[in-house]
Ligand SMILES: Nc1nc2c(ncn2[C@@H]2O[C@H](COP(=O)(O)OP(=O)(O)OP(=O)(O)O)[C@@H](O)[C@H]2O)c(=O)[nH]1
């Protein structure tokens, strides 16, 4: 049995180099779920690659992710810190563009690090073999790379090879994060809290005590995310009240109030999850749920 490996990587490269598309191809659909979630690392997690034998956590590099500013300035200490804290750096160099001053600038900065850097030649599907070979040669002369891997994130070409190569550079260690979307307790609790807050805005009386909000599921919308943007998420939430009269209050005349609740909650949830969502709210009556142990359990109390 091979030893389990885990660690952090970040993807760098000049604007339009294919960083986001590559990140999404590496992590499949999980990127949106994990984006914007600060955890034990103080860096924002862009996605997690879960495998039988390894876990790779892709983190954002402040500044290098907005390389337009980078080209004008020196890399600041923060960026250098981040880059020296990860286990491996993926440097994207698009095959359809000549190695230019922007790439040389980043290469020079990366040369100062101790961390292994993998040169990833992105978009190899858009050029012929001759051009690709030429580009690989130019890239190999640009610096000291731990590996050079040509990929096409759009066609999925060599993405698995790249994952193997990256994991080869990770230290042995246990998984850092749980597998599976909904195991992330704090996130679903926060989503429920945002809905609850919106639903209770302007209402008084006993309703606050009678309302239980439960996140049913958070799943990526099928087919979304192929454009390089984080996938859109379907967020389904149940609002449990104790009486029909309370249900009527939450829903409002012609559903007007529930729509307003949805609009308000959606803004907060999108900011939290860092992606577009479709928020599906269902109001249900669970009679006297507060006094019923079975129901309490089901509602997460
Ligand atoms: N044909 C092809 N196009 C690609 C590939 N990867 C990315 N692209 C396209 O290249 C463009 C830039 O890709 P992004 O992933 O947004 O690049 P980025 O480096 O994240 O860009 P910035 O956010 O500006 O730094 C998009 O139009 C992608 O669709 C690829 O493997 N093949």
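Numbers here mean position along the shown chain, with the first residue as 1.
Backbone N, Cα and C atoms are what each Cβ position is placed from, and that goes for glycine too.
In TrEMBL, the region 'G4' annotation falls on 122-125 of the listed ranges 122-125, 126-129, 130-133. Given the ranges 34-38, 39-43, 44-48, 49-53, the record in TrEMBL names 39-43 as region 'G2'. Across the domain 'KH type-2' (203-287), DSSP helix (H, G, I), strand (E, B) and coil residues number 33 helix, 27 strand, 25 coil. Counting residue by residue with DSSP, the region 'G1' (13-20) contains 2 helix, 1 strand, 5 coil. With a CB cut-off of under 6 A applied against ligand 1, the binding-site residues 16, 19, 124 are reduced to 16, 19. Mean pLDDT across the region 'G4' (122-125) comes to 96 in this model.
Listed in sequence order, 95, 132, 150, 151, 152, 157, 158 are the same-chain residues six or more apart from residue 124 (GTP binding site) with CB atoms under 8 A from its CB. Counting residue by residue with DSSP, the region 'G4' (122-125) contains 2 helix, 1 strand, 1 coil.
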